[in-house]
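Before any comments, here is the structure.
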């Protein structure tokens, strides 16, 4: 497909005198050649319309400017048109010679294009061969590198597994030793606990006996203390009663003494009053 497209592009007409469309390769030789009519015209550049711009400046106020932009058509000398050349009618012989020359140029161009295409195709094939060789070499080198890497990885994995097995074996041996040690220590602890419990039971019985003896002694002491306290309480109660009786007798005696003092005070007050009245009576006629 690519070769066909290149061939069709090469088989085009490179003549500047005709503008015929490109025909398929099978019917290119039998296609009629059109006669050029007149001299081919060259493309003239398009005229560009210029617009002149005028800018006027005017000061509107202090410190400010106003600009006025004016657009206008260009003012200048128009470009003179080139005079048309007189038409020249070519003869049949000139046309045939031009066609022959165009055919020869086309054939030579086709031959050169085909040679260039063949050279390019050869280069493409060589590049494809080199690329396939490089790809194969890369595949082989990559496969060898991967095989070596896999072998190295396999060796490392085996070494790692062996190391893990050795570590696991050592760990299991250590765990077994620890288990035996713990069982021995547990048996010793159980034995020590049983001995302590037996000793504690004996001591507990002893302590219970001692505590019962102490309780009996305490009860006896409490009974004795209670009896002594009762006796002391009776003595205190009798002493309090005696003191209360003495206080009552003392109070009665004080009351009697106070009454006696009050009667004596009343007698003296009566005597003083009688004396005053008598003195007043004795002094009354004298003053008259």
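Cβ atoms here come from the backbone N, Cα and C positions, even for glycine.
Look at TrEMBL and you will find 92-119 (among others) tagged as coiled coil.
Marked as coiled coil by TrEMBL: 143-228 (among others).
The feature compositional bias 'Basic and acidic residues' is assigned by TrEMBL to 268-282. Remark: secondary structure over the compositional bias 'Basic and acidic residues' (268-282) totals 15 helix, 0 strand, 0 coil, with classes taken from DSSP.
TrEMBL lists 268-288 with the feature region 'Disordered'.
Not one residue of the same chain 6+ positions outside the compositional bias 'Basic and acidic residues' (268-282) places its C-beta atom under 8 angstroms from a C-beta of that stretch. Summed and averaged per residue, pLDDT over the coiled coil (92-119) gives 89.
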